[in-house]
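Since the structure comes first, as structure tokens, the remarks are kept for the end.
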Amino acid sequence: MSDPAPDRPAPGPAARGPVQPRERSLAPDLARGAALLFIALANSPLFLWGQEIGLRGKLAGGSLADRVVNFALLTFVDGRAYPMFAFLFGYGMVQLAGRQEAAGVDRAATRRVLMRRNGWLVAFGAVHGLLLFSGDILGPYGVCGLLITAFLLFSREGSLRVVVWIWMGVLAVGSLFSLVGLAVTLALMTEPGPAGATSFVLQSVSAPDYPASVVDRLIEWPASAVGLGVFLIPAVLTGVWAARHRLLDDPAAHRRTLVLVAVVGLGAAYLGGAPLGLAAAGAFPTDEAVAGSAFGLHYLTGLAAGPGYAALFGLVALWFEGRRAGTPAGSAPPAHQGVIGALAALGRRSLSGYLVQSVVWVALFSPYTLALGAQLGNAATAALAGATWLATVAAAWLLERYGRRAPAEVLLRRLAYGRPAPRPGG
């Protein structure tokens, strides 16, 4: 008789599947749902064409309403929405890793799930960037996720803290230099001139037909993806750090921190965005040097809006949950009802909500479709963006009510986790 086979260590638990609705925290989903309004407001003007383009791709001049919209977008939205989504993306990676760990999954298996998920996100971004919108953000998020998973996600707290503090120092010093530069260039300006480098257009949005637009996006998307990726890595890392401290998972325990982050982050973002917003609204004359200095200040301070907006929505979630807790038993509405519930429902379907926006912009603005890009001004475009976002909120609310996921989320989960395991006896 042969010797018995040596004992082998039992394999660790397989990676668990995607998060269930009851496991989700309200604050991140609420923030994602609201952030999609900012994304719609920021991206839709980039599909305008055949008109004079001004600062950061916004139409120059226009009516009083158009100029007010320019100021509002550049002060509160542009360069501020993506950092917020990037912060939440980093936060979500830590949440995913934490749920795997709680299920007993080893670190190597967790890393594989994250790498696979982020790799597929890059693929989603490539398809989106080439077929619909070269300013795609999914690809850069995926690349950031791959890099952070490989090098920093499981690092010690001290290493991550050093990286975050370095970023904050660079942000503060860079913003100070940009502010000084803006003051100097304004003082030295002799006569107004064109904005120059801070005016940019996407050639693909004015392509005469769809195949030509795809060819243009083949050139535009790689450059845009690299630039956005470099811009957003610090915000993703800050989200990773915040998730380790559960700032949004337990907002009641971190109320003072959330208030401080919201006030400082949004205060810096708004003050830093106002000069470019005022310039775009025609409040004071500019030339290329002045516009460039204002753009630098706008760019750097926009990063502070990521944690700032996330903290603000964490406080809103805390207020909402406090109201529900104080409601007599049996009279509290279901979680999917009300404005907060609808926004959170969209946040749980943010990938689909984001992709739908690009489909709408191409269908409405392109020369080979309805060609509204050559007809609408800034104010009308903002109104259309708001209506599109509201439609996605309503659709997400309906899906939530009937317990359905959105299609892009279903596909990404299937690719990242595989088919769900069959139930015993099923």
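Residue numbering: from 1, along the chain as shown.
Cβ atoms here come from the backbone N, Cα and C positions, even for glycine.
As given in TrEMBL:
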type	residues	note
REGION	1-23	region 'Disordered'
TRANSMEM	30-49	transmembrane segment
TRANSMEM	69-94	transmembrane segment
TRANSMEM	114-131	transmembrane segment
TRANSMEM	137-155	transmembrane segment
TRANSMEM	162-189	transmembrane segment
TRANSMEM	221-243	transmembrane segment
DOMAIN	242-418	domain 'DUF418'
TRANSMEM	258-284	transmembrane segment
TRANSMEM	296-320	transmembrane segment
TRANSMEM	354-373	transmembrane segment
TRANSMEM	379-399	transmembrane segment
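Within the chain carrying the transmembrane segment (137-155), a Cβ under 8 angstroms from the stretch's Cβ atoms is held by residues 82, 85-86, 89-90, 93-94, 97, 107, 111, 114-115, 117-126, 128-129, 163, 221, 225-226, 228-229, 232-233, 236-237, 240, 351, 354, all 6 or more beyond its ends.
When each of 114-131, 258-284, 354-373, 379-399 is checked for Cβ pairs under 8 Å to the transmembrane segment (221-243), 114-131 comes out on top. Outside the transmembrane segment (30-49), and at least 6 residues removed from its termini, the chain residues within Cβ reach (under 8 Å) are 57-59, 73, 77-78, 80-82, 84-85, 88, 133, 135, 201-202, 205-206, 248, 309-310, 313-314, 316-317, 320, 340, 342-348, 350, 353-354, 357-358, 361-362, 364-367, 373-374, 376, 378, 381-382, 384-386, 388-389, 392-393, 396. The list of residues near the transmembrane segment (296-320) in space but at least 6 beyond its ends in sequence, with Cβ under 8 angstroms from a Cβ of it, reads 25-28, 30-31, 34-35, 56, 74, 78-81, 83-88, 91, 167, 171, 174-175, 178-179, 181-182, 231, 234-235, 238-239, 242, 247-248, 251-252, 254-255, 257-259, 261-262, 264-269, 271-273, 275-276, 340.
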